Each structure stands twice: as structure tokens, then as C-alpha cells.
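Listed features, source TrEMBL:
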type     : residues                                                        : note
ACT_SITE : H187                                                            : active site, proton acceptor
BINDING  : G11, A12, A13, G14, Q15, I16, S17, N105, Q112, V129, G130, N131 : NAD(+) binding site
BINDING  : R92, R98, N131, R162                                            : substrate binding site
DOMAIN   : 5-142                                                           : domain 'Lactate/malate dehydrogenase N-terminal'
DOMAIN   : 157-320                                                         : domain 'Lactate/malate dehydrogenase C-terminal'
Amino acid sequence: MKDPVRIAITGAAGQISYSLVFRIASGDMLGKDQPVILQLLEIPPAMDALNGVVMELNDCAFPLLQDIVASDDANVAFKDADFALLVGARPRGPGMERKDLLEANAAIFSVQGKAINDNASRDVRVLVVGNPANTNALIASCNAPDLDAGQFTAMMRLDHNRAKTQLAQKTGKHVTDVEQMIVWGNHSATQYPDLAHCKVDGKPAFDLVERDWYENDFIPTVQQRGAAIIKARGASSAASAASAAIDHMRDWALGTDEVVSMGIPADGSYGVEPGIMYSYPVVCQNGKYEIVQGLDVNEFSRGRMQATEDELREERAAVEHLLG
Ligand SMILES: NC(=O)C1=CN([C@@H]2O[C@H](COP(=O)(O)OP(=O)(O)OC[C@H]3O[C@@H](n4cnc5c(N)ncnc54)[C@H](O)[C@@H]3O)[C@@H](O)[C@H]2O)C=CC1
Ligand SMILES: O=C([O-])CC(=O)C(=O)O
């Protein structure tokens, strides 16, 4: 039996977490042989609701679940955490862009970055889900000076998964036939889902779909999918977000040959200078991610990649005072 790992989850009484914690406890994230301890963080008004989630977790009698810590103190929730999923933040409603949440949510991530810095395992791997995810991840990493900025990531996997499904449906294939999907940039309406390197069933995607569909249907549909869910459901995506968070953490921890999209510190690759959390194509091995280098970038792609970078730099400028 492996030693248990500690997984901190914030916003643990919220709607995403209600899909997330049960799947993590059942082994979907780290494998059916990896015992887990869940360390759940909420704000004081949500502690009753969190207690209900804890009761339900206990009622599942999950074989892998070794212990549950429920707290409204970030120092307790992040203590010795090996993984941290920062979900707790306000969601947007109809008519809002995700960056409209910056003011409401940014302060959460400076406090939690410090608490992670002071309490978590030195090898902690952090995924920020709360919106605007990339800039919140930047805030958290800047407030954790004793950790490597690369230990902080932002969730782009939902966009990546959405893009794969849109293309699979258009071409009459299955998502598992789609390879080398890339979503560049920000988890926002400027994100750039890029088909230039993508293959379906071994064939270049551009041989299978029309340019007009790509530019005027595929790209906007993926960019606007979050808003479409809010319109349809009256609440923002939850189960699909939880599923993407599990995919992101599983691949980071256990590895993947597949190219996946992750929001990570820009390092100059593809001309994106440091200072923002930018989504790149990566592969994961031995618990680490690595940017896929050497892909050709044509003029259309360059313009889209620049636009989403510009937006991330604007978001950064708006929270400069929180960057420590
Ligand atoms: N990156 C992505 O792809 C996606 C991100 N999101 C974002 O995830 C966030 C959470 O969404 P939902 O679960 O639907 O929201 P929700 O409102 O149902 O749950 C959020 C929970 O966070 C808690 N919370 C607030 N401040 C906190 C703090 N300082 N510490 C700990 N917990 C705190 C709240 O009490 C609430 O229970 C939102 O910002 C949403 O926009 C949602 C979908 C996809
Ligand atoms: O759109 C939203 O506000 C929630 C979210 O991030 C998504 O579904 O991609």
C-alpha cells in the first residue's frame, strides 16, 4: 500500500467541488492504488454546507480515502499538501467576462499563495481553477517566493477538451482520434484553439474541415463555450470543470504522451516573454510538464497568440499591487 498523499481543495462546498471531491476520493485523479487525504477549505458561512459534503464523503466508504480535514483556515488546509486545487472563488453570471471577477477574486489568491508558501509540501503542485484562472495563478505564485513559479498552473484543460470534442463531432470521429490539439493563451474569450498541428485519425485537421468553419465557427464556439453553458444551465460549468481538473492533475502527476494544454509561467517560448501564466502545448513525464517546442507558427496564429497575450498583460497590470 502506498503512503497517502494530501490533496487540498478550496471552495470545497461549491458546485465544482461537489463533482470533484468524490471522484478524487475514488481514485480518478491519482489512480486506484493511491490512498488520499482530503484537506478541504471553505469560508466560515459555508462551513455547515462543507460539513454536509464531509458527511457524504464518509457515507461513500471509499477504500482510498484515509482522512478528511475540513477547515476555514488556509494554514490548516494547505498543511503539507502535495496537491492543491484552488477552486474557491466567485463564478461569473450572464453578461460578465471572466476578467470582471478579477477584483472580487484576486485577493483570495494572494492570501492562499502565502499560505501555500508557508505550509505546503516543498513539491506541491498547484492548479488554479477559480477565475480569471491564469491571472489568479500568477497572483498565487508571486505570493509564494519559496516555491518555484512552475509549481503553479492554471486550468486550460476544459478549453482543450471542448476543442477536441467540437472537432471530433465535426469530422464524425471520436475524441480519442484527435491528437495535437493546442489552446494557447488565456482562459477567456481571447483564447486561441489552434488546429494547425492537429490531426484526426492521423490526417491533418485542415484537410478535413473548411477554413470558414475553423475561423467563424470552431474558434468562437470554443471561446464562448463557458458563456453558452451559463446561458443554458443558469450556472457556470461544474462537472465538466471538475473532470478537466482531474485530467490536468492526473496527467501532470502520472504523465501523458498526448499533447495537452496547460496555463504555466511564460518563459519566452513562442515569443511570449515571462510575467504571465500562458497556456502552451505540453507533455508530462516523471511528474513534470515540458513545453512542446519547435512548432511552426504562421501569421494567423501569431496574431491570435499575441491578442490573448496582450489581454493577460492587461490583467496583470490591474493586479500589480497583489504580486508581492
Ligand atoms: N478554469 C476553468 O476552466 C473554470 C473555472 N471556473 C471557476 O471556478 C470557480 C468556482 O466555481 P463554482 O464551484 O461553480 O462556484 P461556487 O460559487 O459554486 O463555489 C465556490 C465556493 O468557493 C467558496 N469560497 C469563496 N471564497 C473562498 C475562499 N477565500 N477560500 C475558500 N473557499 C472560498 C465559496 O464559499 C463557494 O462554496 C469560479 O471562479 C468559476 O468561474 C468554473 C468553470 C471552469
Ligand atoms: O465561463 C465561466 O465563467 C466558467 C468557466 O470558466 C468555463 O466554463 O469555462
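Just so it is clear, glycine is given a Cβ too, placed from its N, Cα and C backbone atoms.
Here is what falls inside 10 Å of the CA of N131 (substrate binding site) among the recorded positions G11, S17, Q112, H187: H187. Summarising the substrate site geometry, the residues cited as binding it (R92, R98, N131, R162) extend over a maximum Cα to Cα distance of 19 Å.
Among the binding-site residues listed (G11, Q15, S17, Q112, N131), N131 have a CB atom closer than 6 Å to some atom of ligand 2, in sequence order. Per-class residue totals from DSSP over the domain 'Lactate/malate dehydrogenase N-terminal' (5-142), listed helix then strand then coil: 63 helix, 27 strand, 48 coil.
Residues G11, A12, A13, G14, Q15, I16, S17, N105, Q112, V129, G130, N131, recorded as binding NAD(+), reach a greatest CA to CA spacing of 20 Å. Within 10 Å of the C-beta of Q112 (NAD(+) binding site) we count 28 further C-beta atoms, all protein chains included. In the three-state DSSP scheme, R162 (substrate binding site) falls into the helix class. Most buried of the binding-site residues Q15, S17, judged by other Cβ atoms within 10 Å, is S17.
The most densely surrounded of the recorded positions R92, R98, R162, H187, judged by C-beta neighbours within 10 angstroms, is H187. Under 6 Å, Cβ to nearest atom of ligand 1: this is the test, and of the recorded positions Q112, R162, H187 it is passed by H187.
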